[in-house]
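*Asks:* These came from Swiss-Prot, pasted as-is:
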| type | residues | note |
| --- | --- | --- |
| BINDING | R66, T67, R116, H146, Q149, G276, P277 | carbamoyl phosphate binding site |
| BINDING | K94, R180, R235 | L-aspartate binding site |
Amino acid sequence: MTAQQLDASGRLRHLLTLEGLPRETLLQLLDRAGQIRDAAVGRVGNKRQVLAGSAVCTLFFEPSTRTRSSFQLAAQRLGADVLNFDASTSSTRKGETACDTLRNLEAMGVRGFVVRHPDDGAVAALAEAAGEGTALINAGDGRSAHPTQGLLDMLTLRQAKGPDFSKMKVVIVGDVKHSRVARTDLHALRTLGVGEIRVCGPQSLLPDDETLKGCVVGDDFDAMLEGVDALMMLRLQRERMEEGLVPSLEQYHAQYGLTNERLARAGKDAAVLHPGPINRGVEVTDEVADGPQSWVLRQVANGVAVRMAVLETLLG
């Protein structure tokens, strides 16, 4: 898939996954996003019109609030016209395929597509069907990838703990097995050379494939917290309880919920990240979510800057 994302000169053509992308490409995107964020270009009233005259479509086949809104703001602040496609009210309900939808919108002059889909590989399949000069961005597909979330998480880590990823110890906590965010972050952490990657969660929620290769893996949260610089807490999907993978929300919180008492075991000023939406009282307490070590809202703010950087790189 790496070759599919890059053109013959090595320039990014689509952003489908972080897996296999060169370290230099990730750092270039992070550097550009950092410049945008530092200059406060991502704020209302301070726009860069590099995409004026271009059209971007958010093509979402799954519900989303933060990701869709973030991409919409990013595109608008670069001067693009934005179309919001809603599968529930579109011609796909009449039998039109996603590829036909893409081609029809291309014919109208849309150059950029931000796609979320419930199926693994669906965005890559659309990229294969896209015409020359059209760019696709994966806004989350199945369990496999959510590249802009991974980039904004890496930008937040760099802001919180400095530019030297090799000195960081990071723990990912929760339902790694079903999480596209976790898989994406693991690819990014490895590519950027993070010193130690720990993964913690119930055995029923940890993958048994190559996903965790090279990671320190365990189910004792208190032990895994010792000396970490950052914690990446994952959302527990309620359906996991219905599937019997988690006995109860209360028991999950007792074993894997982040409290101030547990946070004290981590390294000094350890940063707390969460992709949202947060289940308060399950993954984290109110005190942690709203506390001084929470970087959650800064992740959200960084998301706009990251998505501006990606859109600018692909379409600018």
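The chain as shown is numbered from 1 upward.
From the backbone N, Cα and C atoms, a Cβ is placed for every residue, glycine too.
Map these features onto the structure and tell me what's around them.
*Replies:* T67 (carbamoyl phosphate binding site) falls within a helical segment according to DSSP. The Cβ of T67 (carbamoyl phosphate binding site) has 22 other Cβ atoms within 10 Å, all protein chains considered.
DSSP assigns R180 (L-aspartate binding site) to a helix.
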*Asks:* In Å, rounded, how far does the Cα of G276 (carbamoyl phosphate binding site) sit from the Cα of R180 (L-aspartate binding site)?
*Replies:* 13
*Asks:* Mind giving me a neighbour count for Q149 (carbamoyl phosphate binding site)? Other Cβ atoms within 10 Å of its Cβ, every protein chain shown.
*Replies:* 26
*Asks:* Determine which residues of this chain, when R66, T67, R116, H146, Q149, G276, P277 are set aside, have a Cβ within 8 Å of the centroid of the carbamoyl phosphate site's Cβ atoms, and list them as they appear in the sequence.
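*Replies:* Everything else in range on the chain: S64, T65, A139, G140, V181, P275.
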*Asks:* Using only the residues recorded as binding carbamoyl phosphate (R66, T67, R116, H146, Q149, G276, P277), report the maximum Cα-Cα distance in Å, whole number please.
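*Replies:* Across R66, T67, R116, H146, Q149, G276, P277, the two farthest Cα atoms sit 17 Å apart.
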